[in-house]
Amino acid sequence: MALLFSLILAICTRPGFLASPSGVRLVGGLHRCEGRVEVEQKGQWGTVCDDGWDIKDVAVLCRELGCGAASGTPSGILYEPPAEKEQKVLIQSVSCTGTEDTLAQCEQEEVYDCSHDEDAGASCENPESSFSPVPEGVRLADGPGHCKGRVEVKHQNQWYTVCQTGWSLRAAKVVCRQLGCGRAVLTQKRCNKHAYGRKPIWLSQMSCSGREATLQDCPSGPWGKNTCNHDEDTWVECEDPFDLRLVGGDNLCSGRLEVLHKGVWGSVCDDNWGEKEDQVVCKQLGCGKSLSPSFRDRKCYGPGVGRIWLDNVRCSGEEQSLEQCQHRFWGFHDCTHQEDVAVICSG
């Protein structure tokens, strides 16, 4: 009897976390099925230490998230942005057999010695072909500019709307950050009939903490499965801080390129920069055509100081504004000011 009581006590007191799908997520990847592993305990999100973390644990996680088969166990520190210092490591180790339906069914060990340098990561095959990489995965449509409008997400090269059920200012903050549009503006505005979407409603019950880098990092209800109507489409308004200038040249149409973000001017790294990007800048400034300056000419304006805001900018050349081009997250780069972009336009 004593042995039976001890066994029952051990089972009932084994540490665990929420078994619902919203209690587990992957953060920082190109889609919702890869990234740093985070779990929820008592309403707080935290990371999992990689002690003993292996492909069997990832297999269970991928199954729980509906992300197909496990494809890898990358380190969690590879994903940006990194876990915040105040965010706790909640689980020391997870030990799954690989047959469980959720991580909550696996053996877990409470944290005693682990830092964010040891955060676990996971990569799944993701048969749903989730969101495209940032910034193409989300947009604000039918609004007065790039930073106001109906929220739409991209799935398999089609745009779909998002139901406002479960939507919050925290989710709006994520969208505005993802689009490089500054802070989210608190608004009670809803889509009018003219701004209703016509595509299927893809997401509902968004549950963002506000710290996510992209909307696809936020837990949500099942994709494509909801009871919403288009009069419940989500509308978001952000500050629109995007502006650019050329400094250090003889006129307003030549110089080192700087962009305005969050009220601060910063430079742009020249990784992948070329003639198409020059064309968009000249077009936006009303400065005629790009003169495609030589490497030497580009360097004559000197390095900037302060922030480097953009890196890996990619334009097709058809954009009307640099904000419509693809780029890394604002502020993320591997550059120095010796790589600052300079542009010379015909004027």
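Placement of Cβ uses the backbone N, Cα and C atoms for every residue, glycine included.
Of the listed cysteines (Cys208, Cys238), only Cys208 is recorded by Swiss-Prot as the disulfide partner of Cys218. Swiss-Prot records a disulfide bond between Cys49 and Cys114, which is the match among Cys106, Cys114, Cys124, Cys147. According to Swiss-Prot, Cys176 forms a disulfide bond with Cys238, chosen from Cys106, Cys124, Cys228, Cys238.
Looking at the candidates Cys228, Cys325, Cys335, Cys345, Swiss-Prot gives Cys345 as the cysteine bonded to Cys282 by a disulfide. In this structure the alpha carbons, written CA, of Cys253 (disulfide bond) and Cys67 (disulfide bond) are 49 Å apart.
Across the domain 'SRCR 2' (138-239), the DSSP tally of helix, strand and coil residues reads 19 helix, 27 strand, 56 coil. Residues near Cys176 (disulfide bond) in space but far in sequence (CB under 8 A, at least 6 apart, same chain), listed by position: Cys147, Gly182, Arg183, Ala184, Val236, Cys238, Glu239. Around Cys208 (disulfide bond), the same-chain residues at least 6 positions away in sequence with a Cβ under 8 Å from its Cβ are Ser168, Arg170, Ala171, Lys173, Val174, Leu215, Asp217, Cys218. Cβ neighbour count for Cys96 (disulfide bond) (all protein chains, 10 Å cutoff from its Cβ): 23. Only Cys345, from the disulfide-bonded residues Cys62, Cys114, Cys163, Cys228, Cys269, Cys345, place their Cα within 10 Å of the Cα belonging to Cys287 (disulfide bond). For the domain 'SRCR 1' (24-125), residue counts in helix, strand and coil come to 20 helix, 42 strand, 40 coil, using DSSP.
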